[in-house]
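Below: the structure, in structure tokens.
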Amino acid sequence: MSRVSQARNLGKYFLLIDNMLVVLGFFVVFPLISIRFVDQMGWAAVMVGIALGLRQFIQQGLGIFGGAIADRFGAKPMIVTGMLMRAAGFATMGIAHEPWLLWFSCFLSGLGGTLFDPPRSALVVKLIRPEQRGRFFSLLMMQDSAGAVIGALLGSWLLQYDFRLVCATGAILFILCALFNAWLLPAWKLSTARTPVREGMRRVMSNKRFVTYVLTLAGYYMLAVQVMLMLPIMVNDIAGSPAAVKWMYAIEACLSLTLLYPIARWSEKRFRLEHRLMAGLLVMSLSMLPIGMVGNLQQLFTLICAFYIGSVIAEPARETLSASPADARARGSYMGFSRLGLAIGGAISYIGGGWLFDMGKALAQPELPWMMLGIIGFITFLALGWQFSHKRTPRRMLEPGA
């Protein structure tokens with residue numbers, strides 16, 4: 001085995017271990033924020049939506065800057081610094097009793113993510129061969145789902161005692177992750193050249209097809225991020241207990257672990273990537289529409305199952321499409337910019353969704369936010385269809401098995 005192949009194989013295992021620590025640290029805390037501050041402390045959902053939207057926008061919206069800096073200085077210092085900054089954000093969240101302090105903690109958490117997320121994604125592009133990326137992204141997503149349910153279970157258990165324990169656990173996990181990277185991550189360059197920050201950003205912005213695709217995905221993310229805000233609140237409202245939220249993540253884990261990799265393997269040989277993305281988005285949109293009209297957990301969990309199945313179909317294709325055009329001279333910049341749709345869609349959906357949720361309750365129309373999300377999903381579906389049919393996408397982005 002050549003040294004390059006050996007480095008790639010070792011890199012895969014490193015990425016998987018690192019990803020598990022990050023996912024556990026995140027999901028111990030974030031799914032419970034809405035339960036803690038809306039249900040336990042009585043805050044308006046829009047206040048928590050602003051906090052979650054701020055974290056999303058800072059982390060993903062500034063990702064191109066974090067990626068460009070990592071292209072210039074390498075992955076390791078950015079990742080370690082970002083992990084420690086997120087740990088500080090979680091520690092601050094544990095003592096938040098006013099909205100401004102929650103917002104500040106989410107700002108710190110998002111800024112940390114800005115530093116570590118783009119270089120971690122760029123390492124995947126660097127270490128995983130193009131023909132293997134779809135399957136590797138599926139493995140990462142299976143791991144995400146398992147880590148999400150384990151993290152949510154642990155966080156729900158700790159929440160019975162004290163929210164500060166929840167935040168302390170998340171902070172400790174990110175400190176461990178920082179130490180893991182500081183100890184074992186080689187000083188790898190992300191790009192084939194030490195690209196200046198401005199040059200990396202220029203290369204991304206000149207790729208109009210990629211920019212259009214990323215911005216169109218904002219509508220997709222408006223649906224996807226509600227697993228952190230309105231879905232947990234809805235489950236808690238119907239069940240009458242925050243303990244039921246863990247079953248929502250258990251459903252996601254079961255579906256992902258049993259279906260994600262087989263569906264990815266089966267569909268990559270039969271359908272183009274853009275068809276898989278659009279099919280998954282359509283299922284997600286259809287499942288969102290009736291959520292506000294359900295009256296029991298069985299109906300709600302059935303719709304959540306359908307939503308997760310749509311995500312299982314769409315996510316590997318979306319990740320592969322986002323990684324395919326990355327210029328080897330500016331990998332960090334490309335992967336940072338690829339998160340901009342999540343920044344825009346997530347921020348709008350968290351703040352707007354929280355506001356619509358409060359308004360729906362006030363007007364006795366709980367279906368209002370869910371109908372709006374379903375409509376946004378359909379508009380995004382049509383926009384992606386127009387883009388893929390009118391703007392010729394490179395064959396390597398579309399071919400089965402690309």
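Heads up, the Cβ atoms here are built off N, Cα and C, so glycines get one too.
What you see is a predicted model, and the numbers here were worked out from it, not measured in a lab.
Per Swiss-Prot, Pro77 and Val235 occupy the same side of the membrane [matching topological domain names].
For the transmembrane segment (277-297), the partner stretch with the highest count of Cβ pairs under 8 angstroms, out of 214-234, 244-264, 368-388, is 368-388. Within the chain carrying the transmembrane segment (99-116), a Cβ under 8 angstroms from the stretch's Cβ atoms is held by residues 33, 37, 43, 47-48, 50-52, 54-60, 62-63, 65-66, 69, 78-90, 92-93, 174, all 6 or more beyond its ends. Between the transmembrane segment (300-320) and the transmembrane segment (368-388), the number of CB pairs under 8 angstroms, six or more residues apart, is fewer than three, so the stretches are not in contact. Listed by sequence, the residues of this chain that lie at least six past the ends of the topological domain 'Periplasmic' (361-367) yet keep a Cβ under 8 A from its Cβ atoms are 290-293. The stretch in closest packing with the transmembrane segment (340-360), judged by the count of Cβ pairs under 8 Å and taken from 165-185, 214-234, 368-388, is 214-234. Residues of the same chain lying 6 or more positions beyond the ends of the transmembrane segment (244-264) and with a Cβ under 8 Å from any Cβ of it are 27, 31-32, 35, 134-135, 138-139, 141-142, 144-146, 148-149, 151-153, 156, 227, 231-232, 235-236, 238, 297, 301, 304-305, 308-309, 312-313, 315-316. For the topological domain 'Cytoplasmic' (117-138), the DSSP-based tally of helix, strand and coil residues reads 20 helix, 0 strand, 2 coil.
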